[in-house]
Amino acid sequence: MDILLILTILIVICALAFDFINGFHDTANAIATSVSTKALKPRHAIILAAVMNFVGAMTFTGVAKTITKDIVDPYTLENGSVVILAALLAAIAWNLITWYYGIPSSSSHAIIGAIAGAAIAAAGFAALNYKGFIKIIEALILSPIIAFVLGFILYSIVKLIFKDSNLAKTNKQFRRVQIVTAALQSYTHGTNDAQKAMGIITMALITANLHTSANDIPTWVQFACATAMGLGTSIGGWKIIKTVGGKIMKIRPVNGVSADLTGAAIIFGATFIHLPVSTTHVISSSILGVGASHRVKGVNWGTAKRMLITWVITLPISATLGAIAYFILNMIF
């Protein structure tokens, strides 16, 4: 069998594995608030998230097109198949490490950093599509900041509207609303996160001359990635649910709805303009913004600091892992 075909098959398998892991690693963030407030039972939340992630993944492909062509040029990438496989293995390794320790790291940072690191190892810094790459990095940096500010503002407005309401009654009403916002957040998660694997597989198909257009995501790729993420979601990432849903702040239904709406708005906005963002950090930052508006001292800033450190180090670490994986695979293939 042709070595290029073997590499492409391995890439498809690893990309679907990445999406599967992304499902149980990142989807915890989308349902963490609804589980922590008991708006949904854990198993019901997981099923809801799995279905909505699948639906979201089947709805859009704009982010996939960005991943396909804006980090590196798939048509000219030197030793492209090895680069892509190395990036996937590096991102999967980092995701599993952070999942094991219950750290809400970003699959987006991991795969984007790993692709950049592997491409630089293969062909130097000239391999990067700087215009597209910088645009992606800007989105990754700005989106959690915007989420924090928007979460703070939205919850401040909610507090003002319900300042004279009975707290217990208000939370009971918001608990019902939170089922809807959890579904919405899971849907938007699927519209952005599942597309990263779609873009990677399409990039690999172009590199192997099995596909021609970076602006056309094959239907089978979209369906396979949506299914992988849905299945991964069905397993659930309980360690990360505990961190996002309880260790940042004590979340009440009114807090959860505000955070869910903020996160969903930012993620869907990014999807609409075809930009990949870290759903992990957007959702976590939304909760931090809501928490700061509710009561600054009520936020566990130690957990927030640990998440911030992970946010900062994921790109360089995944880039380094991508480069190391490339050098190893290049000796094999």
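Glycine is no exception: its Cβ is also placed from the backbone N, Cα and C atoms.
When Swiss-Prot is compared with the stretches 217-237, 238-258, the one noted as transmembrane segment is 217-237.
Most Cβ pairs under 8 Å with the transmembrane segment (136-156) belong to 263-283, among the candidate stretches 1-21, 110-130, 263-283, 308-328. Ranked by number of Cβ pairs under 8 Å to the transmembrane segment (217-237), the listed stretches 44-64, 263-283, 308-328 are led by 44-64. The transmembrane segment (83-103) shares the most Cβ pairs under 8 Å with 110-130, out of the stretches 44-64, 110-130, 263-283. Through the fold, the transmembrane segment (263-283) approaches residues 26, 29-30, 32, 60, 62-63, 65-67, 104-109, 112, 135-136, 139-140, 143-144, 146-147, 150, 181, 184-185, 187-189, 191-193, 195-196, 244, 307, 311 of its own chain, all at least 6 residues removed from its boundaries and within a Cβ separation under 8 Å. Tertiary neighbourhood of the transmembrane segment (308-328): same-chain residues 82-83, 85-87, 89-91, 93-94, 98, 103-106, 109-118, 120-122, 137, 140, 144, 278, 281, selected by CB-CB distance under 8 Å and a gap of 6+ residues from either end. Within the chain, the transmembrane segment (44-64) has long-range Cβ neighbours (under 8 A, six or more residues past its boundaries) at 23, 27, 30-31, 34-35, 179, 182-184, 186-196, 198-199, 202, 217, 222-223, 225-227, 229-231, 233-236, 270-276.
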